[in-house]
Amino acid sequence: MPDRSSVDHELQKLDRESLEEHTEETRATETDMANTDRYERQPLTGGESGQAEGKDRSTTGLNRRTVRKLDTILLPFLALLFLLNSLDKSNIGNAETAGFTYDTGLSRQDVHTSMGVFFFVFVALQPVGAALGRRFGMRRYVPACMSLWGLSTILHIYVRKKWHLILLRVMIATLEAGFYPTAVSYMSLFYTKFEFATRLGFFYGMTAVAGVVGGVLSWAVFSEFPGHDDDPAAPEVPPSIRRATGSTGWKSWEVLFLIEGCVTMTVALIGFLWLPRSADSAWFLTSEERVWAESRMRADTYPDEVEGEQAHESNTDSVLRHDYDADARPLDGRADDTADEMHERLLDEEDPLSPSRRERRKSTISAISVTRDSGLSRHDIVSAFFNYKIWHLLVCNVLSAIPATAFGVLLPILVKELSPSLNLSPAASNLLSAPPFAFGAIVLFIFVAWSDRARIRLVPIIWGLFLLLVGLTLTVLAPIDNYWLRYFSLCVLLSGSFIASPLTVAWLANNTPEQGKRAILLGINGWGNLAGVFVSILFTPADKEAGYVRSFSILLVCVLASLAGFAAFRFLIVRENRWRRDVLRGWSNEEKEREELLGDVPAPDDFRMRVARSTGLLKLARKAGLEEGRKGDERLTFRYDL
């Protein structure tokens, strides 16, 4: 009787032969498919041509209908949520122009202090909020948080002391912290790579639109409910002075907080019913459109695997698969974990590349949705924090986000005080804050459309920062007493202020196939709101008389450094792609296929592994998948988009 080792040797030999035959068949099939690719297809004859054209038209029509429904039902509602998010974050600036600190007995510096505390808490809790959003899902987490921060907005009516204001701003910061990364991660589950930036631009553009809406709404409210501070010459009141005991009636800023808070709470309650959990459960799609919405996202997320499956299956409508990640089980200990573990043990008994194991992976994992809005693994968290790209982008993002963050809150105040010699009423200063935001929104939409059409992200970011630099330079050089020239400079400045952030997010989302890791990366990227802390330090009442020239000069240096940082990042990504291509040249086809499937082919250490070895973090680096078990963008067969 042959011993076990000889049997194992024969089985492995058969598996290798099977794999070689399978690889040759795949190459032949892929060659045939390439010759009949739908974009470069040679003319067919007779019924074949009619069937192919009919199928293409059917698929194109189905895709168009699906995307149209996403664009008209889901995207506008998400944009409305972000609009309200931005309004509730920045309305303190509008309220201040109408005498908020005068009526409450606070000082202007108290507003700046509360803003600094707000952004500190907001930044610190971004990854936590992103993780909670991924854990509980967009459909439940965001509407619940919105309801509470809407209530906190209304409670500003009762502010009488400094700690009241700081407490409310901390509450709003805590509740808003996870909104942006959760919403963006959720949106990336419905739109393919090069549909995403345009939609993200529309979504993020609500920051600028909020400035327009907030300015016009404040103008309307302040015109209807004029306050004592409509006298532009009214002096700032010391903190010791409180509202008169016998004062009655609604103050204009109270009406503003009440309107915005009530609208936020109402829309949040609708969100519980409006937002679908995933594409394959969207209430506004037909059953056929749901299947297509799921399939097209799987094809976009795992294109190499989908091509391999199409080469083996004639039924192009079959459910597309993606790699099984044994570590990607949810942290909430759901019941299906046991089944996952049993399945993985069965797979471990076989050779990883055996045909039977490959087929089991395909048939088992095809049932998992790639558009589900919840689910997080420990690997997602560890690998996200070991990703050097996010830390490089974070520094660039902080520096580039200072102008947008500053003007999102302070523009009504800056417009009023840009030229100390020109006195503007609260209503007029809020109305004048709308055009710069409108310019910012329009230019943003142009840039993100260019980014999607050209399929690039980093070059539009660099040009947007250049436009921002032009506006900052004009603002610094313009004479302080020339108000309208400085106002025009603000319009140019705002035109370039909103471009870098959404395209940075689009780059991260496009280049992170794993949804859980993507959510954490977007949460870390949210630390870019640290810019708000710097804003509270830069734009102080002490610079008012000088027209904030010093503040704008510091902004100019920060944006210049950010532009250099993004240019360096593009260079690093090009070099990373070249290094991976050079490594793959030395590999056999079997090694390339194994890396694509399992990510465990021995490879030269990159600088992260060298740092991990020298600092004693090797075990943690291995958990992040840097040495073996690489996933998603860590696999050396992955190429980063620019």
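Cβ atoms are placed via backbone N, Cα and C, with glycine included.
Annotation source TrEMBL lists compositional bias 'Basic and acidic residues' at 1-41, 309-323. What TrEMBL records for 1-61, 302-323 is region 'Disordered'. Positions annotated as transmembrane segment by TrEMBL: 70-87, 111-129, 141-159, 165-189, 201-222, 255-275, 390-414, 434-451, 458-478, 484-508, 520-540, 552-573. According to TrEMBL, the feature domain 'Major facilitator superfamily (MFS) profile' maps to 74-577.
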Near the transmembrane segment (390-414), which same-chain residues lie under 8 Å Cβ to Cβ, leaving out any that are not at least 6 residues past its ends?
86, 89-90, 92-94, 96-97, 115, 119, 207, 210-211, 214-215, 218, 384, 429-430, 433, 436-437, 440, 465, 468, 472, 490, 493-494, 497-498, 500-501, 504, 507-508, 521, 524-525, 527-532, 534-535, 538-539, 548, 555, 558-559, 561-563, 565-566, 568-569, 572
Note the mean pLDDT of the domain 'Major facilitator superfamily (MFS) profile' (74-577), expressed as a whole number.
78
Mark yes when the transmembrane segment (141-159) and the transmembrane segment (201-222) have three or more Cβ pairs under 8 Å (sequence separation 6 or more) and no when they do not.
no
Which stretch from 484-508, 520-540, 552-573 shares the most C-beta pairs under 8 Å with the transmembrane segment (165-189)?
520-540
Interface present between the transmembrane segment (141-159) and the transmembrane segment (255-275) (three or more C-beta pairs under 8 A):
yes
Do any residues of this chain, six or more beyond the ends of the transmembrane segment (458-478), have a C-beta under 8 angstroms from a C-beta of it, and if so which?
400, 403, 443, 447-448, 450-451, 485-486, 488-497, 499-500, 503-504, 507, 549, 552-553, 555-556, 559-560, 562-563, 566-567, 569-570, 573, 642
Are there residues at least six beyond either end of the transmembrane segment (141-159) with Cβ under 8 Å to its Cβ atoms? List them, or say none.
81, 84-85, 88, 91-92, 95, 104, 106, 132-133, 135, 165, 168, 171-172, 175-176, 178-179, 182-183, 254, 257-258, 260-265, 267-269, 271-272, 275
